[in-house]
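Accompanying notes for the structure given below.
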Amino acid sequence: MAEEAKAKGNAAFSSGDFSAAVRHFSDAIALAPTNHVLYSNRSAAYASLQQYSEALADAKKTVELKPDWSKGYSRLGAAHQGLGHLDDAVSAYKKGLEIDPNNQALKSGLADAQAAASRPPPPPMGSSPFGDTFQGPEMWTKLTADPTTRAYLQQPDFLKMMQDIQRNPNNLNIYLKDPRVMQALGVLLNVKLRTAPEGADFPESSSPERKRPAESEPAKEPEPEPEPMEIGGEEKEAKERKAKAQKEKEAGNAAYKKKDFETAIQHYTKAIELDDEDISFITNRAAVYLEMGQ
């Protein structure tokens with residue numbers, strides 16, 4: 001009976017129905033409460049649902065029942081990492097590698113956890129996500145030095161918006177729909193602004209209408225597209241990371257629409273980790289923090 005429930009759980013997990021997988025694995029555990037594989041499988045299902053506290057409890061049970069099984073430490077590391085317990089995640093992965101030094105899942109998990117631990121910590125709760133970006137005369141110096149934002153400084157409404165943001169950086173969310181503010185933010189953060197922030201239900205940046213060609217102008221023949229070039233390893237990896245980052249952003253937008261702000265922040269944070277050049281990930285996460293009053 002337990003094997004039957006386990007098989008159903010495995011099938012549900014493979015199909016992406018993680019909630020059903022949790023139910024089936026729970027049924028199996030009720031019938032075979034000392035089977036370490038069942039707790040490991042349910043931990044993986046919980047982690048896929050981003051229910052990391054439950055995933056951690058099952059991972060700990062897995063290691064308790066089978067301390068010499070390397071996969072249990074992979075589950076333990078993943079759960080700790082999902083909860084932001086990076087030191088504990090590193091320790092778990094290292095413990096697993098002591099048992100199975102060639103385990104690729106453990107090696108990959110350890111590398112991810114160590115990379116995450118080396119990144120700067122997030123801003124304190126209750127503070128602006130952009131810290132001192134808008135504070136002091138340095139803000140005006142940077143805006144004046146950039147040729148694009150220098151022109152904006154001649155526009156009274158732009159000046160008023162920037163002064164308001166300088167008084168209270170949390171007011172940034174009010175002006176995110178203005179592309180001039182987004183350009184200014186890119187300049188202040190020293191980020192190459194390639195695309196305007198988009199995609200969520202909070203203020204979206206407006207896109208200017210394309211200028212129509214004069215009717216008297218003859219239609220231009222489309223230029224031939226260049227022959228496709230082979231993509232090098234590093235460039236291919238960079239494109240894959242950007243594609244993954246966009247998927248994380250889309251998942252964050254979906255969570256935002258459902259008012260699941262914690263999940264939205266997790267997805268936007270992952271997007272930033274994958275591609276730190278796209279400022280829309282930063283501003284979308286900032287808007288969620290502001291929505292939460294943080």
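Glycine too: its Cβ is placed from the backbone N, Cα and C atoms.
Copied from TrEMBL, the annotated features are:
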REPEAT    2-35  repeat 'TPR'
REPEAT    36-69  repeat 'TPR'
REPEAT    70-103  repeat 'TPR'
REGION    109-138  region 'Disordered'
DOMAIN    146-185  domain 'STI1'
REGION    198-253  region 'Disordered'
COMPBIAS  207-223  compositional bias 'Basic and acidic residues'
COMPBIAS  233-253  compositional bias 'Basic and acidic residues'
REPEAT    245-278  repeat 'TPR'
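With a threshold of 8 Å between CB atoms, the same-chain residues lying at least 6 positions outside the repeat 'TPR' (36-69) that come near it are 2, 6, 9-10, 13, 18-19, 21-22, 25-26, 28-29, 75-76, 78-80, 82-83, 99, 263, 266. Here the repeat 'TPR' (70-103) returns a mean pLDDT of 93 for the predicted model. For the repeat 'TPR' (245-278), the number of residues in each DSSP class (helix H, G, I; strand E, B; coil) is 27 helix, 0 strand, 7 coil.
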